[in-house]
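TrEMBL annotations:
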TRANSMEM  A:15-36  transmembrane segment
TRANSMEM  A:48-66  transmembrane segment
TRANSMEM  A:78-97  transmembrane segment
TRANSMEM  A:109-130  transmembrane segment
TRANSMEM  A:136-154  transmembrane segment
TRANSMEM  A:185-204  transmembrane segment
TRANSMEM  A:231-260  transmembrane segment
TRANSMEM  A:272-291  transmembrane segment
TRANSMEM  A:303-322  transmembrane segment
Amino acid sequence: MSASALRLEGHERRLLLLGGLAAFCVVVFMTVDAGGKWDFVLPFRARKVATVLLVGYAIAVSTVLFQTVVENRVLTPAIMGFDTLYLLLQTSLLFFLGSRTMASLDSRLLFTVEVAIMVVFSAVLHRWLFEGGRRSVHLLLLTGVVLGVLFRSLSSFLQRLIAPGEFDFLQDRFFASFNNPDPDLLIVSALMTLGASVLGFSLMRTCDVLNLGRDVAINLGVDHRRTVSRLLAVVAVLVSVSTALVGPVTFFGLLVANLAHGLVRSHRHVHVLPAAVFLAVIGLLGGQLVLERVFSFGANLRVIIEFLGGLMFITLLMRGVLR
Amino acid sequence: MSTRSPDSPPLPEPGFAPRASVASHEASARSEPLPMSGAKGAPLPLLAVAVLGVLVLAGISLLIGVSHVSWEALLAPSENQRAVQVLVISRVPRTLALLLAGMSLAVAGLIMQMLARNRFVEPFTAGTAESASLGLLAVTLLAPGLPILARTAVAACFAMAGTALFLFILRRIPLRSALVVPVVGLVLGAIFDAATTFFAYRFSLLQSLMAWTTGDFSSVLRGRYELLWGAFVLTVIAYVVADRFTVAGMGEAFTTNLGLSHPRIMALGLAIVAMVTAVVVATVGMIPFIGLVVPNVVSLIVGDNARRSIPWVAVLGAGFVLLCDIVGRVVRQPYEIPVGTVAGVVGSLLFLHLLLRRDDRVG
C-alpha cells in the first residue's frame, strides 16, 4: 500500500475492502452470541479463529504459488493429489511404526518429520510430472486426478489393514478439525507457515516474472529450476499444514485463487496473494457463521465448498480457460 | 491381467489412441486399423482360455472364507451339512454376484466409451455412479418403504440424468481434448458426491452412504443379489445390439449416413449404462475403474468392433472383479478389504500406466 493512502488505485481499494470484510468476519465470529462469558468464549473462539486463519492462509497461498509455478489457473495442489499424498503418508507412518511408537514420539517432532518427507515427495512427484519433456496440461491434470484417487484408495487400503484400535488413533490424528484444534499442532503449524512464508516472501517478485512464462523468465535471468523447487517446497509445507489441520479440501484453493485473480485484476503477487488470503478467511469464517447462525447447520462447510468449487471448476473449463 | 490370458499374443503396439473425438488432433496419430476392418481377430481358443481362467478364479473364490469349505466336505454332504449350507447360502451367491457385476460394469464402460467417443470414460469417471447413489439417497429420504426394484429404478433415472448432464457439459467445452473428458466427469462426480454427503450428513445417513458407495460383496447372500441378473440381461441386450454401438462410435454423421437414428442409439446405450450402474450400486456399491481398464486392454487385443470385443470385455471384467475380491479376502484374513478399495488401487495404477505410456506421442 502506498504512502498516500488518499489516492488509492482500483486494486488497492478492492484489497482494502476485502481485508476489511475479513476483519469484520473475524470480529463477528469472536463476539456474536457470547452471552457475557467472555473469559471462556474469547480464548475458545480465538483458537478456532487461529486455525481458520492458518488454514485459509495456507490453502490460498499454496494454490496461488502452485498456479504460478505450473503456469495454469486450473491446476491446484489439491487437484494434483498433494493433500491425499499427505493422508497416505500419515497412514503409512502409522502402519509401519504402529500407534505405540507414534504416541511415544513428540507430536511436534513427528509433524516436522512428516512435512519434511512431504517436501521430498512432492519434489520427486513434480520432477516426474513436469520435467519429463513437454507434457500436455490435460495429461498432467488427468494424471494428477488419478494419482489423487490412487493415494486415497491406498490410504483406505492400509487403514483396513490396521487394527480397529489403531485406526481410532489415526482418525484422531487425521482431522483436528476447526472445532477441536490441537494447540501443540497449531503452534508447530504456525511456525512452519511462518518459515515457509519468509522463503516465499523473498521470492514474491520473482513469482511475478515467472508469470510471464518459463522461457521469458529464463531469458530475464531467473534461475527457473531453483526458484521452482523452492516454491514447491513452500507449497508442500503449506499443503501439509492445512491438511494436517482440517483434512483435504479439494476445490477450495481453486475457488479462492480464481476469485482473487478475478477481483484484483492484477498480476502482481503482492496484490493477488493477500486478496486470496482474505477471500479464504471470508469464505471459511463467513461461511461458518452463515451456516451456524442463519441455517443452524452443523459443520457442513467443507461439503458446500466442494460443491461450489466443483461448479467453478466446470465453469472454468467451459469458458476455455484450460488450454 | 496376466492370470487370465497367460498366453495372449504379443501386443502389436497399436498405441492408445483415444477413439478420436471430432476435435481431437490426436486422431490422425492412430495406427489402429479401422474398427470394421476385422484384421485383428483374436482366435477363439484364446477366449476359451480366458473363460477357463475365470472359472478357476471362481472356484478359488468359492473355497476361501472364514468357514472352512473343502471339496471333500462337499462330496460327502451327509457328514457335513454345514459346508453345503455355507456354499449355497453365501459362497455361490457371492461368486455369482462378483461375476455378474464384473461383466456388466465392464461392458457398461465399453458402451460408454463408444457413446462418448472417448477411451477414458466409464460410469465411475462420468458421474454416473455418483448420481445413482444420489438417487438412492433421495429414495431413502423421501420414500423409505419402496421395494428394492423401485429404488433401483429411481437410482437409474438419476444415473441417466447425471450422465446426460455430463454429455451436455462435454458438448459445451471448447477445444475438447480427449483427456479433459474424464476430468470433467470426475469433478461432476465430486459435485454429486458433495450434494449426497450434505444431505446424508443432515439426516444422519453417512454410515449407510459409506456402505453403498464402497463396493463390497461381504454382505451378499442368497436373496440379496438377484437383481444383478437384471444387469446381466442388460449386458446380453447390449451384445445383441452391439453393432449399433460400433456405428454410433464412429460419429453422428456416419451413423445418420447409414440410415440409423443416432439419438435413439444414444438413448438406448445411456439407458443400459445407467440401469447397469444403478443395479450394481444398489446391490454392492461402486467398483471404480473396471469399465475403464478392461475395455482398454481388450481393445489392444481384439480391436474396436463391439460385437467381437463384448465377450472379451465381459470375461475379463468378471475376472478382474473376482481377482480383486480374492485379494481383498486373502490379504487380511479373517477380515476383508472391500473390493472397491482394491479395485481403486489396482485400477488407478493400471489407468496411470495406460495414460503415461503414450506420453511420447502427446506434444
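Placement of Cβ uses the backbone N, Cα and C atoms for every residue, glycine included.
The transmembrane segment (A:303-322) and the transmembrane segment (A:231-260) are in contact, since at least 3 Cβ pairs between them lie under 8 Å (pairs 6 or more apart in sequence). Within the same chain, residues 63, 66, 110, 114, 117-118, 121-122, 125, 129, 140-141, 144-145, 147-148, 150-152, 154-155, 158-159, 161-162, 166, 169-170, 173-174, 235-236, 239-240, 242-244, 247-254, 313 sit at least 6 positions outside the transmembrane segment (A:78-97) and bring their C-beta atoms closer than 8 Å to a C-beta of that stretch. Note: the stretches the transmembrane segment (A:48-66) and the transmembrane segment (A:231-260) are in contact (3+ CB pairs below 8 A, sequence gap of 6 or more). The list of residues near the transmembrane segment (A:109-130) in space but at least 6 beyond its ends in sequence, with Cβ under 8 angstroms from a Cβ of it, reads 70, 80, 82, 85-86, 89-90, 93, 102, 140, 143-144, 147, 185, 188-189, 192, 228-229, 232-233, 235-237, 239-241, 244. Within its own chain, the transmembrane segment (A:15-36) has Cβ neighbours under 8 Å at 1, 8, 42, 45-46, 48-49, 53, 263-264, 271, 274-275, 277-279, 281-282, 285-286, 288-289, 293, counting only residues six or more beyond its boundaries.
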